[in-house]
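Notes follow the structure.
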């Protein structure tokens with residue numbers, strides 16, 4: 001069991017927990033994640049990336065969005081409550097070295113797992129440009145922490161309430177076209193459709209692009225096969241081979257199809273718990289439009 005030491009609601013649907021997990025705090029590396037259950041006997045297993053860790057306190061920080069029954073149940077936990085099952089760290093850590101200029105693109109709750117990666121990149125001597133996207137200003141996570149780490153930071157909002165109005169792919173394309181500021185590497189974390197379009201944006205410029213996939217996951221050891229994805233024509237398992245892969249080799253159509261396999265159940269769960277606000281972000285709308293054009 002893991003006791004909740006701190007809880008904060010960051011937005012109507014996003015929560016931050018600091019959880020007592022000393023062994024995980026000591027061993028975790030940037031890019032790794034945990035799996036938890038809200039019910040020890042028959043609860044759904046939910047993967048969450050470790051946003052930060054404090055080895056002195058023996059704690060890890062988790063930031064999650066309520067998207068269904070289990071995460072909604074988790075959001076009801078309070079300080080002092082125990083999470084019945086929490087295992088990790090899982091997955092392969094982010095490969096860190098001095099690449100040169102790294103552009104980190106993150107959106108939504110993908111901002112949280114990007115934080116330890118940026119910390120590690122800066123410690124290795126990289127110049128880091130961060131592009132952060134959100135629906136509006138109030139939904140930006142860790143804005144101050146990320147600003148303090150970055151050499152340069154660009155904020156993008158759907159409604160133009162903060163920074164620039166538009167998609168994260170717009171400044172990414174501009175940087176790829178800049179002969180003086182062209183990135184040596186891009187790391188993208190966020191909704192799958194956002195990562196897909198980031199990879200499509202960088203591919204013509206030959207910029208290596210790493211994405212962190214958050215697929216359906218059960219056991220976290222590769223046994224269930226629920227998290228399988230197609231990378232470069234080969235089957236990989238996100239929980240053991242990932243979660244990070246070459247974005248140019250991901251079969252995005254296959255992954256998006258698999259991610260939508262339980263959409264009816266998720267929608268039913270969202271409706272049951274009153275968590276569905278009916279919002280669709282601009283990049284999703286763009287993807288829908290392209291899909292209609294191809295028909």
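Each residue, glycine too, has its Cβ placed from N, Cα and C.
Remember, TrEMBL labels are computer predictions, not curated facts.
According to TrEMBL, the domain 'FAD-binding FR-type' annotation covers 1-96.
Every protein chain shown contributes to the tally, and the Cβ of residue 64 (FAD binding site) ends up with 22 other Cβ atoms within 10 Å. For 63, 64, 65, the entry in TrEMBL reads FAD binding site.
The [2Fe-2S] cluster binding site annotation in TrEMBL covers 224, 227, 239.
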Residue pair residue 64 (FAD binding site), residue 239 ([2Fe-2S] cluster binding site) - Cα distance, angstrom, rounded: 18
FAD site, defined by 63, 64, 65: further same-chain residues with Cβ within 8 Å of the Cβ centre: 14, 15, 16, 48, 62, 66, 71, 109, 112
Cβ-Cβ neighbours of residue 63 (FAD binding site) (radius 10 Å): 23
DSSP-derived class (H/G/I helix, E/B strand, else coil) of residue 239 ([2Fe-2S] cluster binding site): helix
Residue 239 ([2Fe-2S] cluster binding site) and residue 63 (FAD binding site), Cα-Cα, nearest whole angstrom: 19
Cα-to-Cα gap, residue 65 (FAD binding site) vs residue 239 ([2Fe-2S] cluster binding site), nearest whole Å: 20
